[in-house]
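Annotation comment: TrEMBL describes 7-28, 34-56, 63-83, 98-117 as transmembrane segment.
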Amino acid sequence: MKQSTSWLYIVLFILVFFLHFAIWQLYVNDFQVIFIRYYLFLTILFMMVITIMSIVKKIYPEYIGFTFMGLMLFKLSIMFLVMNKLQLSEVPYHKYHFIPPYLVSLLLETLFAIGLLKEQKNN
């Protein structure tokens, strides 16, 4: 996959962050520190997944799908472990505020993995 395609997914993720932050400020206008810590952590996980999948594609292209599944399991496990540290439960209706960004990052990572698999199949 071209380098510019990787940047496209990163830019889309950042745009989703700003859109969600604007909506958050408009309707909730509280808990900004928790929100920013959550997105910072989610961004680190997102960048880790994109980077590791790009590296695996170059070294072991036949294991892209397996790597994707392992990284998704790792990401979900880390989110459950760190959820208390991020104090997400302090926010009212926190499930409705914090699950959509996680699902958007999951969607972007899935689309990135599909692109890598299609490219590998074409080669």
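Just so you know, glycine gets a Cβ as well, placed from its N, Cα and C.
TrEMBL entries are annotated by machine, without manual review.
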Checklist entry - Taking residues 6+ outside the transmembrane segment (63-83), which of them lie with a CB under 8 Å of any CB in it? => result 41, 45, 48-49, 52-53, 56-57, 89, 102, 106, 109-110, 113, 116-117, 120
Checklist entry - By a Cβ-Cβ criterion of under 8 Å, what residues six or more beyond either terminus of the transmembrane segment (98-117) are in contact with it? => result 1, 5-6, 9, 12-13, 16-17, 20, 38-39, 42, 45-46, 49-50, 53-54, 57, 64-65, 68, 71-72, 79, 88, 91
